[in-house]
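What follows is a set of notes on a single structure, which appears directly below.
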């Protein structure tokens with residue numbers, strides 16, 4: 001569901017617990033020159049991390065990070081495509097996970113992820129490539145493009161360049177972790193717990209926004225059970 005404000009009164013109206021925030025922000029010279037948080041290795045215990053190697057797929061990668069790391073809250077059907085994907089890539093490297101996601105077997109069944117983002121988030125359906133390495137993955141790109149055109153938002157074609165980028169923020173091991181497929185591993189933004197995660201992550205988002213106070217291209221989607229109060 002969309003998060004329309006970071007004011008405490010409106011945040012308190014959202015269903016709890018919130019499993020994850022999907023945050024879209026503009027990648028600019030300012031954001032790249034002033035990184036926020038502490039970089040962690042991809043091998044951090046208890047963390048599932050994957051690289052983004054497909055153009056304009058950061059939304060999908062962010063959502064996969066959310067599902068993989070919050071399986072206790074974002075339950076998926078046993079033996080479903082995603083369940084098999086995570087089981088298959090459980091012990092893979094971040095690069096290997098990205099490569100497996102590119103295959104036709106997976107891409108044809110991931111369209112619904114792009115649809116979820118297109119119906120629930122502002123901006124492009126999959127965000128921007130944000131400097132991610134380009135790969136020959138025409139099949140997955142086509143699937144994203146096809147699904148994007150079925151949503152309510154205007155999506156860029158697969159060759160377009162956009163500076164808007166999705167990341168996932170979630171509580172893992174008592175830390176707010178940022179998952180960005182452009183990075184080499186997750187980024188820690190300090191301590192949190194299930195009760196305070198939404199307020200704590202809102203503070204992190206405010207730091208991103210303050211870094212680019214002259215830009216308004218920010219949007220947040222909360223993953224939580226229940227109906228949106230707005």
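Using the three backbone atoms N, Cα and C, a Cβ is placed for every residue, glycine included.
Feature annotation from TrEMBL assigns domain 'UCH catalytic' to 1-225.
Taking the Cβ of residue 52 (site 'Transition state stabilizer') as centre and 10 Å as the limit, one finds 31 other Cβ atoms among all the protein chains shown. Taken from TrEMBL, the feature site 'Transition state stabilizer' applies to 52.
TrEMBL lists 58 with the feature active site, nucleophile.
Sequence annotations record features per position, and here TrEMBL assigns active site, proton donor to 165. Other Cβ atoms within 10 Å of the Cβ of residue 165 (active site, proton donor) number 27 in total over all chains.
Other C-beta atoms found within 10 angstroms of the C-beta of residue 180 (site 'Important for enzyme activity') number 24, with every protein chain shown included. Marked as site 'Important for enzyme activity' by TrEMBL: 180.
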Within 10 Å of residue 165 (active site, proton donor) (Cα-Cα), which of the recorded positions 52, 58, 180?
58, 180
Along the domain 'UCH catalytic' (1-225), what average pLDDT does this model show?
80
